[in-house]
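**Q** These came from TrEMBL, pasted as-is:
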COMPBIAS  25-38  compositional bias 'Polar residues'
DOMAIN    102-687  domain 'Major facilitator superfamily (MFS) profile'
TRANSMEM  103-125  transmembrane segment
TRANSMEM  137-157  transmembrane segment
TRANSMEM  169-190  transmembrane segment
TRANSMEM  224-248  transmembrane segment
TRANSMEM  260-288  transmembrane segment
TRANSMEM  308-330  transmembrane segment
TRANSMEM  382-404  transmembrane segment
TRANSMEM  416-443  transmembrane segment
TRANSMEM  455-473  transmembrane segment
DOMAIN    494-549  domain 'Kazal-like'
TRANSMEM  579-603  transmembrane segment
TRANSMEM  667-690  transmembrane segment
Amino acid sequence: MKGTKGIENPAFIPSSPDTPHRLSASPSQVEVSALSSDTQRESSQPQESPESHKSWEPPLPSSTAPASEERPGPQSEFEEGPCGWSNLHPQCLQRCNTPQGFLIHYCLLALTQGVVVNGLVNISISTIEKRYEMKSSLTGLISSSYDIAFCLLSLFVSFFGERGHKPRWLAFASFMIGLGALVFSLPQFFSGRYQLGSIYEDTCSTTRNSTSCTSSNSSLSNYLYVFILGQLLLGTGGTPLYTLGTAFIDDSVPTHKSSLYIGIGYSMSILGPAIGYVLGGQLLTMYIDVAMGESLALTEDDPRWLGAWWIGFLISCFIAWSLIVPFSCFPKHLPGTAKIQAGKISQTHQNKSSSLQHTDENFGKSFKDFPAALKNLMRNTVFMCLVLSTSSEALVTTGFATFLPKFIENQFGLSSSFAATLGGAVLIPGAALGQILGGVLVSKFKMTCKNTMKFALFTSGVALVLSLIFIYAKCENEPFAGVSESYNGTGELGKLTAPCNSNCSCSRSYYYPLCGIDGVQYFSPCFAGCSNSVSDKKTKAYYNCSCIEGKAEITPMADNFGFEAKAGKCETHCANLPIFLGIFFVAIIFTFMAGTPITVSILRCVNQNQRSLALGIQFMLLRLLGTIPGPIIFGVTIDSTCILWDINQCGIKGACWIYDNIKMAHMLVGIAVTCKVITIFFNGFAIFLYKPPPLNTDVSFQNQNAVVTTVAVERDLNKAGNEG
């Protein structure tokens, strides 16, 4: 690297005769390299400055000298050692005592955490609602409990864990994730056998009594607190994983490799939900009480069917606990960390408004230092802009992750299970691929902090343009009797009851759509006036339907009956699904390509010993401003497009059955564009504000006892540069 170009290349620079000396710039104890490019060309040997002899620390020797001779004091800070416990260090474990070995275990834990938190929990929510008689608002509280725990603990764990033994913190995280998964499954073993109840008669019957309003006093809803406890424990385990684990990876590898390792680790946390959805979906095909030997002649099409949602949590518990031992055997720092840190170059944002604080090697070990460390980070404008950028992006990504299956289901007339499969097939691989590509490109081109932020800005801009696909992917609602179509010219729009079904005593709480041969969809066989039905292996058909016309087109079937309707929604005439999935997949890739670069930028623009706390602040605000309100905002927005609600006998509004597709598409694209614009604004503002260390100065990380306060005092830094 040439001195005239400053720190344009953040790549790892090993200790060698070609490496510029680090000078001690009194009084800041910040080691500075200030050789000119002419001096570097004249001689490949180290040139000692007279000022360096006045310093208490000798110049950096050649790579042939051991690290312990370079820095007698700071070396103990790293506590590099073999893999093992106390005096037990099996030789077979030393193969894992590398960044690659740690990354493998980190990926396994991130994968397990993603399987449980974003996979199994989400796919089990609807089953839990039915089994334990909970409202959606209560299950929404269950989903948010993880983020609540993360927000409460992230600052403290990241602050105290920065100076601690990070691998042992991850061993603790493995224990808590396993414990949380176990607790989440406990209601299955204490709630007794699932009572099926009688199936609802879905056909029209003039003798059926109208159902009276009855309130449920079941105690099953009290298991809500057990589910919340499980989520809180999972949140406690997830906190060290994404703060201390990321910082440990950044410690252990050269600068230009950090983005690649972090991208791989984050991609595993995204693949986790995909595995969780697949695993959970397969387990839901098993009956809920399979452990009790229950085997009923009941199919998944029966509304009373509940799947074995709890098995996946037990499997995840054992996997998480199996990682406790591997993490506990890693040393505080991997071998070679001190040498890697000595070769790194600081790219910390230089804030003119801040002053150079006195550094103390004990800073950060006491709780009284927490406010000062927090204040120091909050005054870093570049860091705060990047955090707000990721928070805005998290709001839209979590919203789509939650409601994309519902959007696909309603826009294109698909079943909920198939829509969830398509949503997962697009969202999860696209997000994982984006994370890996972002890390690979930043690593390959060895981008500086500023160039990394520019790269994230570019990918966010492309994602903004592609998000407009929602405007063109919209589909008109199919005809629906009582909602968008009348019953053969009778009845009123907005009312499911008409003269043709007024004597059937139909319930609006039982939504079982069927498609008539007239091309109109009906709320249920009862509201279609169908009095008889017949089933085969594939579908269920209805006849003698008083509300359906067009009987001349009926095709006789097995029993010589003319069938007028079949179970399920009418096929949509909208052909935009392949185009939508293709463009949305590319949009997801570009959206998540910015994830790893932004994380790397945050690690670079803050002081070396505040990286864990910086990640803690990032994830706390990301959840407070992004992942927690995201699903809520999307949910409220989608509910505002509802045109047919479930209203029970007591007049209480429940779930929405039918949405206005056009309005839904417009509302979602409005949210997406707004969030993308906010993301781009703060990302661009961070690029504008970012000021790297002055030209001709390389701030090294050799002296790890100089903690958290490497901020600019231009007079001292310029003086050090001139002396070099």
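Quick reminder: no glycine exception, Cβ is built from N, Cα and C everywhere.
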**Q** Where among 308-330, 382-404, 667-690 do we find the most Cβ pairs under 8 Å to the transmembrane segment (579-603)?
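**A** Most Cβ pairs under 8 Å with the transmembrane segment (579-603) come from 382-404.
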**Q** For the transmembrane segment (137-157), which stretch among 103-125, 169-190, 224-248, 416-443 has the most Cβ pairs under 8 A?
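**A** Checked against 103-125, 169-190, 224-248, 416-443; highest Cβ contact count belongs to 224-248.
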**Q** Using a Cβ-Cβ cut-off of under 8 Å, list the residues of the same chain that are 6+ residues beyond the ends of the transmembrane segment (260-288) and lie near it.
**A** 99, 103, 106-108, 110-120, 122-124, 127, 131, 188, 194, 242, 245-246, 249-250, 253, 294-296, 298, 300, 305-312, 315, 401, 417, 420-421, 424, 428-429, 431-433, 435-440, 442-443, 592, 595-596, 599-600
**Q** So are the transmembrane segment (382-404) and the transmembrane segment (667-690) touching or not, going by 3+ C-beta pairs under 8 A with a sequence gap of 6 or more?
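**A** When sequence-distant Cβ pairs are counted, the transmembrane segment (667-690) touches the transmembrane segment (382-404), since at least 3 lie under 8 Å.
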**Q** Report, as numbers and ranges, every residue of the chain located at least six residues beyond the transmembrane segment (667-690) whose Cβ falls under 8 Å of a Cβ in that stretch; write 'none' if there are none.
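**A** Sequence-distant neighbours of the transmembrane segment (667-690): 349, 381-382, 385-386, 388-390, 392-393, 395-396, 399-400, 407, 449-450, 453-454, 456-457, 460-461, 463-464, 467-468, 470-471, 594, 598, 601, 605, 633-634, 637-638, 640-641.
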**Q** Between the transmembrane segment (169-190) and the transmembrane segment (308-330), are there three or more C-beta pairs closer than 8 Å, counting only pairs 6 or more apart along the chain?
**A** yes
**Q** List the helix, strand and coil residue totals of the domain 'Kazal-like' (494-549) as derived from DSSP.
**A** 0 helix, 17 strand, 39 coil
**Q** Using Cβ atoms and a strict cutoff of less than 8 Å, what residues sit near the transmembrane segment (224-248) while being 6 or more residues removed from its termini?
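**A** 102, 106, 109-110, 113, 116-117, 121, 128, 132, 134, 138, 141-143, 145-150, 153-154, 157-158, 161-162, 164, 166-167, 169-170, 172-187, 262, 265, 269, 320, 599, 603, 611-612, 615-616, 619.
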**Q** With Cβ-Cβ distances below 8 Å as the criterion, list the same-chain residues six or more beyond the ends of the transmembrane segment (308-330) that contact it, or say none.
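**A** Non-local partners: 83-85, 93, 96-97, 102, 105, 108-109, 112-113, 115-116, 119-120, 123-124, 127-128, 131, 167-168, 170-171, 174-175, 177-179, 181-182, 184-185, 188, 237, 276, 279-280, 283-284, 286-291.
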**Q** Other than its close neighbours in sequence, what residues sit by the transmembrane segment (103-125), given a CB gap under 8 Å and a spacing of at least six beyond its ends?
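**A** That would be 96, 139, 142-143, 146, 170, 173-174, 177, 180-181, 184, 231, 234, 237-238, 241, 245, 249, 261, 264-266, 268-277, 279-281, 284, 309-310, 312-313, 316, 319-320, 323, 326-327, 401-402, 420.
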**Q** Residues of the same chain, at least six outside the transmembrane segment (455-473), with any C-beta under 8 angstroms of its C-beta?
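**A** Long-range Cβ neighbours of the transmembrane segment (455-473): 389, 393, 411, 438, 441-442, 447, 576, 579-580, 583-584, 586-587, 590-591, 593-594, 597-598, 601, 665-666, 668-669, 672-673, 676-677, 679-680, 683-684, 687.
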